[in-house]
Amino acid sequence: MKKVLPLLLISLILLPLYGAADADPKVELTYPKETEAGKLIYIDVNLHNTTSEMLWDLKAVIDPSDIPPEIKNYIKIIDGEKDFVQGEGDHSINVQDKANIRLSIETTANADAGTYKIPLRIKGEIGNCRQGCKPYLLMKEIEFKVIKEFPSLKIELSSYPKEVLQGQSINIPFKVSNYGLGYGNNIKLSVPTNNNFTTSLDVDSIGLMRSQESRNVTLNIAAKGDSTSGSYKTDVVVEYFDPYGTKRATTESISFTIKDSTLSKDAEGYYAQGNEYYEKKNYSKALGEYEKAKEAYQQLGLTNKVSEVNARIELTKSAIESTKSSISPSMYIVFGVLLSAVTMQLGVLVGTLMRKPKSPKSSSIPKNDY
């Protein structure tokens, strides 16, 4: 901002037109030294006549022509001229008397940040009698800073699933935070859609967000049943206004992949069939189904399901090894019965073979000789 024309120069130009007192009255200005754009500023002018003469028709004036051109468009004069002595009477201020008035100006909503200097004229007449008075002028300066506190909204994504199947949806949590000094208002949230997916937000508008405040939001992305599988990208868009009416925006990209649901159904079918075979203790067939399910889940990129199927594969392999190396109790019973039967048959056979044949007995009938 350019420097304001020094008050000394203004005084040098104007003083030849006015008289000068032996000493100026004491004038104190009270007003906020810092303000924001679009704010009203009250200026209290406190005067104490410390001169040796009376003051007449004294007033305080903020003259628009005195305002520097570089800030003139940012200052609106609300109450820029007021008499120190109001009402009827001679409008005089005696020696050692005091008088107070209040002026007001307003900074515009689009005022730039920086230091503002506005001249203030204290003018009237000075002298101990009305007829012998001389014009009087005292120049003061109103100096203040315009501070602009801007909001700064950020979108902070949490961890979210990167794959979605055709006809299904995923939820993506994120947070909108204001890391600026000023507040953001009329905040609107949106996420573009296309022919392959739709989006929805549980919060799509926020009235006001002060500095250091935040809001949790959930985005739902639904892949259409006839969507084309592949990689996709969309953006979370947050639009808002700062305290000075300027529209601002911030965005954050989201990437995800739509997977073919036909392959997913196949994987689920393989997995279910493998579980059914496993329950029936048909471990070899169960292992085959699990292997097919694993391959399908790998193609889908579903790492959690791959890990789950891997655990079932290891369990099935252990069951197969256990079956090979052990015989169930029922098999022992059957084997024992068979062994007992075989033993009995062998015993009978051996006994039969070991038995001696009987000798024929002699006849008791005498033989006749012929």
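Each Cβ is built from the backbone N, Cα and C atoms, and glycine gets one as well.
So that you can see what the record holds, here are the features copied from TrEMBL:
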{"type": "DOMAIN", "residues": "151-239", "note": "domain 'CARDB'"}
{"type": "REPEAT", "residues": "267-300", "note": "repeat 'TPR'"}
{"type": "TRANSMEM", "residues": "331-354", "note": "transmembrane segment"}
| note | For the repeat 'TPR' (267-300), the DSSP residue counts stand at 31 helix, 0 strand, 3 coil
| query | How do the residues of the domain 'CARDB' (151-239) split into helix, strand and coil according to DSSP? | reply | 0 helix, 55 strand, 34 coil
